[in-house]
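Record features, source TrEMBL:
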type: DOMAIN; residues: B:74-197; note: domain 'Cytochrome c assembly protein'
type: DOMAIN; residues: B:287-390; note: domain 'Cytochrome c assembly protein'
type: TRANSMEM; residues: B:6-24; note: transmembrane segment
type: TRANSMEM; residues: B:45-67; note: transmembrane segment
type: TRANSMEM; residues: B:79-97; note: transmembrane segment
type: TRANSMEM; residues: B:102-121; note: transmembrane segment
type: TRANSMEM; residues: B:136-163; note: transmembrane segment
type: TRANSMEM; residues: B:175-201; note: transmembrane segment
type: TRANSMEM; residues: B:258-276; note: transmembrane segment
type: TRANSMEM; residues: B:299-325; note: transmembrane segment
type: TRANSMEM; residues: B:337-353; note: transmembrane segment
type: TRANSMEM; residues: B:365-389; note: transmembrane segment
Amino acid sequence: MKHVKCECGHVNPHGTILCEACGRVLQESEKEKQLVDMRYEGSARRSQTYNKTIVDKVWNFFSSVKVGVWLIVITLIASALGTIFPQEMYIPPIMPAAEYYEDQYGWIGKLYYDLGFHNLYSSWWYLVLIASIGISLVICSLDRVIPLWRALKAQRVSRHEGFLKRQRVFGVSEASNLDESYEKVKERLKAKRYNIREEDGNILAEKGRFSRWGPYVNHIGLIIFLIGGMLRFVPGMYIDEVLWVREGETKVIPETDGQYYLKNNKFILEVYDKDKDNQAFSEAIEEKGMVAKNYQSNVTLYKKKGETVAGQPPELEKVKDYPIKVNEPLKFEGYALYQVSYKLDELSKMTFTLGNKKSNESFGEVKIDLNDPKDRYDLGNGYAVEVVSYFPDFEFDDSGEPVTKSKVPNNPAFVFKMITPDKKEGEISFVAIQQTIEPFGDNEYKMNFSGIDTKNVSSITVRKDLTLWLIAFGGLIFMIGVAQGSYWNHRRIWIRRVNDEVWIAGHTNKNWHGLKREIQAVLEDTGIKEPEDQMQKEENKE
Amino acid sequence: MVSLSGNLLFASFILYLIATVFFAGSIKDKKGKLKEKGPNKWAKIAIFITIIGFISQLGYFITRWIVAGHAPVSNMFEFGTFFALSLVGAFIVLYYMYKTPLLGVFTLPVALLLIAFSSMFSRDISPLIPALQSHWLYIHVTTAALGQAILGMSFAAGLIYLVKAIDQSKPSKRTFWLETIMFGLICTLGFVLVTTTFSLLDYKAEFNWIDKNGQQLKQEYTMPAITGPNEGELLTAGKFEPLVEMPGIINAKKLNTVVWSLLSGTIIYLLFRLIIRKRVGAVLQPVVKNIKLDLVDEIGYRSVLIGFPVFTLGALIFAMIWAQIAWTRFWGWDPKEVWALITFLFYAAFLHLRLSKGWHGEKSAWLAVVGFVIIMFNFVAVNLVIAGLHSYAG
Amino acid sequence: MKKRRLVIRTIILLILGAAVAYTLYANFTKDDIKKVVVGEQAPDFVLVDLNGEEHRLSDYKGQGVFLNFWGTYCKPCEKEMPYMDNQYKQFKDKGVQTLAVNVGESELSVSKFADRHNLTFPIVIDKDGQVQTAYKIGALPATFMIDKDGKVVKYHTGQLTEEMIKELMEQVQP
C-alpha cells in the first residue's frame, strides 16, 4: 500500500488530503482553494481509494453518502405513496380488497391495488429499501469513523501555516507583551473548559470532541433498532392474536400453551353526559352527538393448575381481577391484553310463550339459551316444546332452505314442534325474528315471542413482543447520539507564533457564531487582534 | 374562564401583530445608524411586546387546560395554536441568541397565520375519547409541536435567505418558486378571510346529495358552493347554486373550501402585483438588505440541529411509546405516523446533504422551506384529507 | 494488508446480506407459520362425543387418525361429511380412526346435523375452543392426518373429495 509521507514526518494513508498530524495540504487540487474542506478532517476514506474486486465495488456503493441520501429520498417518496389511500389493514372487511379499491376510488384505486400499494409497507421492495438503508448505515459509518478517529488522535499542536491560513476563522496579529497575554488567553480558555495542549509556544485548545462521535452513535442506535425490527420475524418473538370473549365466558388465552384463561365478567361502555360531566364539554357533545368516555372489560385472569390435556376442563387458579381499559392493558409474564373492540347486546337468551292462537291462552314459558339450546322443554300438563332445528345466524340459502351463516346467534331461528294434549303429534312452526311460518297449514298454537337477554362481547388483543426492549434500547442510543451530535460542538482554536506575529485560527463543526463570540471573549484586552471570518469577508467583497 | 381563555388568545394575536410592525420598523430605522451595535429601540419594544403576547397566550393555554381538565392539544384548533405558541417561544430564544429583529418580521406573521387558520376550526372544548386519555397525550403532542416549531424557525431563516439571495432583476425559476411560497402564505390568509366573512354573514346552505355508495345524505355548506356535491339539490332558498357538480368519490365540501382559498389568494396576490407592480419577493428584498447571509444560514442550520432531536423524541419515540400502550403496537403505518417518518427522513437527508455534500446557503434554504411544507402538509392535509387514527384531531 | 481488508469487507457484507435475506424470507413465509407442523407430534386432547364417550388422541396410538375440524354453517364441511362417513366405514377396521371436531357449536345443532346426514363416525365438540387454539384453526374445514406414532403427516384446508380422503387414509394406515 502506498503511504504518503508528509514533510513533517508523519506517514498518512493513501488518499489523505490534509496531513493527519500537521494539517499540511497534501493534495495538489486542494491547494488552490481559499479554505480547506474540513469534513472528516481531510482524512482518507478508504472506500474512495480502492475499487478493484466486486466486494470493493459493492462496499463502495453503500459507502457513498450520495447513495445513502438517495435511499432516504426514495424511501420517503415510497412511504408517501402508501398514504394516498388507506392500507389494506385499515379498510373495512366488507368486500375483498381487490374490489374495494376499485369500488371506492375508481380506476386509480384499481391501479393502486394492482401495483401492490395496498400493502406497501410489507412489500419486498420496501423491505429491501429499509434494509439497504441499514447496510448503508453500517458501511458509511465504518468507513468514516475509523479515519476520523485516526486523524483526531494524530493531530499535532503546531499546524502548518497553509492549514491555518485556510481556516474559516483566521487572523494574524502583531502583539507586544506576548507572554503576558498568552497566560491570560490560556486561563480564559481553561475557564471555558477547553483542553489545552502546548508545543514550542504554540497552543491547541480543543473542546467537545466527543460531539464528533454523535452521528456514529446514533447510527449504531438505528442499526440496533433495525435488528429489533428484524427479530420480529423470528417465530415466538412477536405474538398478535385477537380473543373475543362474551360476558360470563371463560376462554383460553391463545399462544400461552393453554396455561392462562380469561374470564370476561362485564363489558362497560360509557359516553360523556352533557349534564353530569364537565360543563365545558357540553357544546362539543351537543355538536358531535355522542362521545365515548370509556371502553372497559372487567376480567379475571386464571392460571391452569397442574397438567391437563386440551379439551379437559382445567382446574383454574385465579391470578387477578383487572379492569382492562384503553391505555391500560393487563400485563402478565411478558403478555399484554388490550381492550380493542366490542360488540354490544349480542343475543344470549330468547323467551317464548306457548299460546293458543284463538283464545290467547298461555301454557307456559320457554327460555332458550341461544348458545346451548335444549332439544325439549317440558311445560307440564301435557304441554311441551321440541326444538327440531336451530339456526343461530339464520338466512335462506339459494335453494330456499333455512341455513345458518355462523355459530354466533346474530339472527336466531327455530323449527319448533309444539306438543299439546289435543295435538299429541305436535304442530310444526318455523320461528325467526319477526316472522312465523307454518309449513304444514294453519296451526292452532303459536310460539309468542316475549323477550330477550343480551350479553356484550369484548374483543381483546393478546400481545407479546420480545423485541421491545431491543427496539427501546436502539431508540435510546439513537437519541443519545443525536443529542451528542446536535447539542455539543467540537471547537478548536490554534494559536501559533510565526516570527513576531501571532496566528490564530479557529474551527468548529457548527455554530460559528458561538465560536467567534468565544474567541472574542478570550482575546479581549490581550492586545491580540480578533481573527476574521473569511467567509464573511468574501461575501462583503461581492 | 372559557371566555377569559379566549380573550387571552385574542390579546396575544393582537400583540403579535403589533410586535410585527415594530420589528419591521426596527429594520427601517437601522439604515441611518448602521454602526450601532445590537438591537435598537424599536426592536427592544418589539421583543417586549412579543414576550407579553407569549405570556398572554401561555395564559390562554393554562386557563383552557384548567377548564378542560386536560392539556388543550387534542384537536385542530388547540394543536394549531399550541404550534404557534411554540413557534413564538422558539423565536424568542433564537432572538436572544442571535439578536436579529429581522427574524421576527418573518416568524410572527407565520405564527399569526397559524392562530388565525386554527381558529377557523371548531373551538369547542371537547372531551377526550378513551384512546386519548393518557398523560402521553401532552407529552407526545407538546414535544412534537415544539420540535416542529423549532424546525419551523429554519423555514423563517430560509425564507429570509432566499428573499435576499435571489436575484429579482429578471424572472427565473428561483423567483417563480419563491413567489409560489408567498402565494401559499397568501392563500392561507385568503382562507382565513373568506371563512371569517361567511361566518360573519352566517351563510348556511343545505344540500341533499348522493354519496358514492348511492345513499342519500344531507350536507351543510358554510360557504357558497362553487363545487357542489354529487347530484346535489339545494334545500335552502335564496342561496348560491353550485357552479360545478363533483362525482361522489370527491368530498365536494372540502374541495369547495380549497377552491375558495385559492381563489381569494389569487385575487389578493394579483391585486398586490397590479398595484405594486413588483414580485412579493422583490418588495421584501429591501427589508432583508442588512442581514448577513451566512448568519441567516447558520440560524437556519442550528434550528434544524436543535429541532431535529426534539422532533424525533416527540413525534417518533414518544409516539411509539404511547401507541404501544394505547393501540397495542408501537407502529401501525397510520398516515400521520408515516408523515412523521417522512418528516424525519427529510431532515435526515437535509443534514446528510449539508454535512457530507456541502449543501450550504441557498440549497440549504430551499430544503428548509420544503421541510416546513412537509410539516404543514402533515398538520393540515393528513388531518383533513387522509383519514386515519389521528383524524379525530380534525 | 490488502487481503485482510478484502476478507473483513467480505465477512461484513455476507453477514448483512444474510440478515436481509432471512428477513425477506421470514416476511414471505410469516403467513404459513402453523402451530402444528407437519412431521411433529400432534397436540394431545380429550373431548367427549355426542354419545358421552371420551376420545383421547393419544389413545389411538398405533392407529392412524383422520382429524377433521368443522362447523355446521360451513358448506364445504357439509359436502365432505358423507365422503368421510363412507371412508370411515372402509378404514375403521384397517386401523384408521376418524375424529370430527366441531368448533364449539351447541350440542343441539351438532346432533341434529349428525342425524340429518346419518353420520356414524365420532363427533366431538370443542366447547371452549381449547383444541382449536392448540391446533390454531382458522379457515374450515381443516384436516390433519396423524400417523400411528402420533405425528402429523399431512395438513389440508378446504373441501376434500372422496378420492382424496381415501388417499389420505391410506397414507396413515399402519
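Placed from the backbone N, Cα and C atoms, the Cβ positions cover glycine too.
The stretch with the most CB contacts under 8 Å to the transmembrane segment (B:299-325), chosen from B:6-24, B:45-67, B:136-163, B:258-276, B:337-353, is B:136-163. Ranked by number of Cβ pairs under 8 Å to the transmembrane segment (B:337-353), the listed stretches B:6-24, B:45-67, B:102-121, B:136-163, B:175-201 are led by B:136-163.
Tertiary neighbourhood of the transmembrane segment (B:258-276): same-chain residues 182-183, 186-191, 193-194, 223, 226-227, 283, selected by CB-CB distance under 8 Å and a gap of 6+ residues from either end. Contact between the transmembrane segment (B:175-201) and the transmembrane segment (B:102-121) holds: at least three of their C-beta pairs are under 8 Å, each pair 6 or more apart in sequence. If you look at the transmembrane segment (B:6-24) against the transmembrane segment (B:102-121), you find at least three C-beta pairs under 8 angstroms, all six or more positions apart, and that counts as contact. Note on the domain 'Cytochrome c assembly protein' (B:287-390): mean pLDDT across this stretch is 90.
Within the same chain, residues 76, 79-80, 83, 131, 148, 151-152, 154-155, 157-159, 161-162, 165, 177, 181, 184, 254, 296-297, 300, 303-304, 327, 332, 334-336, 339-340, 342-343, 346-347, 350, 353, 359 sit at least 6 positions outside the transmembrane segment (B:365-389) and bring their C-beta atoms closer than 8 Å to a C-beta of that stretch. Beyond the ends of the transmembrane segment (B:79-97), by six or more residues, the same chain brings 9, 16, 47, 50-51, 53-54, 57-58, 60-61, 72-73, 103-104, 107-108, 110-112, 114-115, 117-119, 121, 141-142, 145-146, 148-150, 152-153, 156, 299, 303, 307, 379, 393 to within a C-beta distance below 8 angstroms of the stretch. Cβ atoms under 8 Å from those of the transmembrane segment (B:136-163) belong to residues 70-71, 73-74, 79, 82-83, 86-87, 89-91, 94, 102-103, 106-107, 110, 128, 174, 178, 181, 281, 284-285, 287-288, 291, 293, 296-297, 299-301, 303-304, 306-315, 318-319, 321-322, 325-326, 340, 343, 347, 361-362, 364-369, 371-372, 375, 379 of the same chain, restricted to positions at least 6 beyond its ends.
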